[in-house]
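Working notes for the structure below.
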């Protein structure tokens, strides 16, 4: 995110923050006492790990005894442990990296590296980008890919598309707010994101390998999180809003409860905290993930690939609830005994109206049996065909 943030700071935010939050301006004068009080707090220093006598003060690796633990040293030890993972050369805002300094870079009391400014900037950028990506990709999918015969499906809801859009547009800012801490960690050097491509970083070969590793890691993480979201107590509170859509349009892709969306995004944010990932590839993969999320909700069934968890597989998940939890592949569903092969009827092209009604009727019958087991007898959805 440092690339995106510096672009925005260079072309827009430096001047905006200088105008709205200038040094010695009214806002700065009002906040000065609070800033000074905060700066005078005596925070514990972060000691050098090498200075710890772990045998006597914390934990003896050879002869662990709870009596050897000195509680007073634990916070400092944890702080130092965390600090040891920080790459100070990757802290954002201390000096420009990609563009020259602007005339406004030092004229706001909120410097580029200020955590409050970073939080506000990230919220604005990611929310707007999230909305734009959602509407552009979903609209293009709706116009050029989406099978509009789904509007006649007996389990299509009244005003469904407007409900999907309302749910998504209100959820995206909250999901962004919940994920900002991960972006802040990245901006402050607590990740394995890198930019230089050389022998030390593995060159272009390493970047090519990062794509399947990212897909496999996140696919695994989402599978288990998705299964957890289907636990009855969790499903009822968090995941049921997304399963309101039995048959989907592309606009259902981001129509989540925001906490549900946050949990399902965790693997994407955890990956660069655990494994090396090129910064440009990181931005590409995050964009790709949003494309993919729209694509698997577009109701157009072109592939019945046994490996790829495509639109047909995800349609089965929305219709029959307890199957196909994976995001990109069918691997974990097969290992977890939750894979359900899409019905052949999904791939019938140019079916006659009567034949299509029979297919939908059979889908509805199977769906209602499973829905009753998952949600109970009462169905609060309002369908077009009641």
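Glycine too: its Cβ is placed from the backbone N, Cα and C atoms.
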In Swiss-Prot, which of the ranges 230-250, 251-271, 272-292, 293-313 has the transmembrane segment annotation?
272-292
When you get a sec, could you say which of 172-192, 319-339, 340-360 is annotated transmembrane segment by Swiss-Prot?
172-192
Swiss-Prot tags one of 99-119, 120-140 as transmembrane segment - which one?
120-140
Non-local residues, at least 6 beyond the ends, that sit with Cβ under 8 Å of the transmembrane segment (172-192):
1-2, 5, 82, 85-93, 115, 118-119, 122-123, 126-127, 130-131, 134, 254, 256, 258-259, 261-262, 265, 269-270, 272-277
Under an 8 Å Cβ to Cβ limit, what residues of the same chain, 6 or more beyond the ends of the transmembrane segment (120-140), are close to it?
1, 4-5, 8-9, 13, 168-169, 172-173, 175-177, 179-180, 183-184, 249-251, 253-254, 287, 290-291, 294
Remote residues contacting the transmembrane segment (272-292) - C-beta distance under 8 A, at least 6 residues beyond either end:
2-4, 130, 133-134, 137, 182, 185-186, 190-195, 197, 201-202, 206-207, 210-211, 213-214, 217-218, 254, 327-328
